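As written in Swiss-Prot, here are the features:
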ACT_SITE  THR7  active site
BINDING   GLY162, CYS165, THR168  Na(+) binding site
Amino acid sequence: MEQFHATTIVCVRRGNRVALGGDGQVTLGNIVIKGTARKIRRLYHDKVLAGFAGATADAFTLQERFEAKLEKHQGHLMRAAVELTRDWRTDRVLRRLEAMLIVADAEHTLVLTGNGDVLEPEHGLAAIGSGGAYAQSAALALLRNTELPPETIVKQSLEIAGDLCIYTNQNHVIETLGG
């Protein structure tokens, strides 16, 4: 059976602001099943942003597990991420999940990979999913050459990814944190 897959999620941090956005397309093989999926969420009293890419059911499972760890550790992002990946590496069911998360709070942006890794990206920017490389390239160019706010960079990066990646559409959800 084919998996639901593909998306673009991008996170940009500039100054005391962070923006996380994603497109709304869900595909099954070469068929668009839904164009308005919401892959960006606010967690832990609206203090943490999370975006997911990968097999849809796996991504929801991973996000729910992360949210439980976040609650357990009173919103401490790094600790929750490390605890989740520890479980991910030791739990047989979790090890088979085909999904990735980008999570961000006021201080940190983290990528949680399908291998159970916790990565803190450089340049205040991260992108995952089938259009992630396009979005990351666009965002990096905008970060280096403009003074645009992070939410504008996320929007423009998603637009570029949507123009290039057949698994990414132009229906965007963008959330922000910070002043």
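We number each residue from 1, going along the chain as drawn.
Any Cβ shown, glycine's included, is placed from N, Cα and C.
Surrounding the centroid of the Cβ atoms of GLY162, CYS165, THR168, where the record places Na(+), the chain contributes additional residues within 8 Å, namely THR8, ASP23, GLN25, SER130, GLY131, TYR134, LEU158, ALA161, ASP163, LEU164, ILE166, TYR167, ASN169, GLN170. Here the residue listed as 'active site' comes close to GLY22, ASP23, GLN25, VAL26, ALA37, LYS39, PHE52, ALA53, GLY129, SER130, GLY131, TYR167, THR168: these same-chain residues lie at least six apart in sequence, with C-beta atoms under 8 angstroms from its C-beta. The Cβ of CYS165 (Na(+) binding site) lies under 8 Å from the Cβ of ALA6, THR8, SER130, GLY131, TYR134, each of these being in the same chain and 6 or more residues away along the sequence. For GLY162 (Na(+) binding site), the Cβ neighbour count at a 10 Å cut-off comes to 21, with all displayed protein chains included. In the three-state DSSP reading, GLY162 (Na(+) binding site) counts as helix.
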